[in-house]
């Protein structure tokens with residue numbers, strides 16, 4: 001057996017010419033045991049992503065308590081991540097298991113890249129919109145919920161998907177052709193398109209998420225300072241009239257909501273940056289280092305960073321379930337019901 005991620009250097013199948021300079025995308029060579037292990041890991045990652053995001057969609061769609069406008073964005077995120085798992089991950093898995101060769105043809109290469117870019121971008125942009133939604137919900141607790149209706153959420157979701165789709169259009173309509181020589185399927189390395197696509201798909205949403213997190217964190221910190229200074233008097237210490245008690249309860253509720261929002265968004269932003277930042281740094285630098293007609297980045301590194309990005313689609317549903325008691329309870333009930341149904345079929 002060959003070593004994991006070993007390279008068959010100089011393999012002519014994926015060697016391309018770029019201005020007279022040979023630029024190789026070397027095929028990865030795996031032994032049988034390695035293929036089984038890698039295939040098993042990729043299959044588990046794909047299936048887990050499908051199951052986790054399907055739980056979100058089913059929970060919100062079929063549980064009345066969860067059918068709130070604020071959860072529509074969570075469903076859109078789950079649909080985007082589910083699309084990544086169904087339409088993208090299987091083809092990437094097959095390509096990786098055969099060493100990195102693209103075997104699905106030139107036409108489907110363009111379709112695949114369009115689906116990959118659109119679904120991943122929709123997932124990233126939805127995370128960005130969720131961060132804005134949480135920020136407005138915390139900083140404008142009296143006015144924002146009134147505007148947070150189904151129509152408003154639908155408009156935001158449609159805008160996210162249209163903007164995500166717009167990034168996929170240039171290679172399909174002549175500007176910035178994808179790289180495909182029959183054995184390689186690589187998104188366009190055109191300088192202008194690379195800057196445009198990475199900025200819209202990642203750097204701008206990432207910047208917005210960081211700004212929203214900073215503002216929520218600052219609001220939570222100020223609220224915590226006030227909470228520490230003033231405190232909330234206990235009933236036995238002093239008697240409060242109804243109005244004063246209601247105001248203090250409201251203040252305590254806002255304080256807890258701010259703390260929870262800061263913690264949730266902090267983990268979301270941290271997981272997002274950990275999964276996608278390395279991939280987009282390499283993607284942005286690649287055409288400037290390697291040229292526009294091929295990739296000189298080691299194939300094993302490209303694929304590892306790509307799968308790290310895809311892993312964000314697995315993480316998202318579990319992050320939101322961890323911080324949302326209603327979602328967590330619904331997950332548990334659905335899984336328990338499914339288990340009980342299977343047991344009853346066995347014994348009856």
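Quick reminder: no glycine exception, Cβ is built from N, Cα and C everywhere.
Summarising model confidence by region, the domain 'G-protein coupled receptors family 1 profile' (52-320) averages a pLDDT of 85. Residues annotated as domain 'G-protein coupled receptors family 1 profile' in TrEMBL: 52-320.
As annotated by TrEMBL, transmembrane segment applies to 36-60 (among others).
Annotation comment: TrEMBL describes 72-92 (among others) as transmembrane segment. Listed as Cβ neighbours of the transmembrane segment (72-92) (distance under 8 Å, sequence separation of 6 or more from its ends, same chain) are residues 42, 45-46, 49-50, 53-54, 56-57, 60-61, 104, 112, 115-116, 119-120, 122-123, 126-127, 129-130, 133, 150, 153-154, 156-157, 160-161, 303, 306-307, 310, 312-314, 316-317, 320, 327.
Cβ atoms under 8 Å from those of the transmembrane segment (104-132) belong to residues 73-74, 76-77, 80-81, 83-84, 87-88, 91, 156-157, 160-161, 163-165, 167-168, 171-172, 178, 180, 182, 185, 187, 197, 200-202, 205-206, 208-209, 212-213, 265, 268-269, 272, 276, 309-310, 312-313, 316 of the same chain, restricted to positions at least 6 beyond its ends. Among the features that TrEMBL reports, transmembrane segment is placed at 104-132 (among others).
Residues annotated as transmembrane segment in TrEMBL: 153-173 (among others).
Here TrEMBL flags 193-214 (among others) as transmembrane segment. Outside the transmembrane segment (193-214), and at least 6 residues removed from its termini, the chain residues within Cβ reach (under 8 Å) are 117, 120-121, 124-125, 127-128, 131-132, 134-135, 163-164, 167, 170-171, 175-176, 187, 262, 265-266, 268-269, 272-273, 276-277, 280, 283-284, 286-287.
Here TrEMBL flags 261-285 (among others) as transmembrane segment.
Same-chain residues lying 6 or more positions outside the transmembrane segment (305-323) and placing a CB less than 8 Å from one of its CB atoms are 42, 45, 48-49, 52-53, 55-56, 74, 77-78, 80-82, 84-85, 88-89, 92, 120, 123, 127, 260, 263-264, 267-268, 271-272, 274-276, 278-279, 282, 331. Here TrEMBL flags 305-323 (among others) as transmembrane segment.
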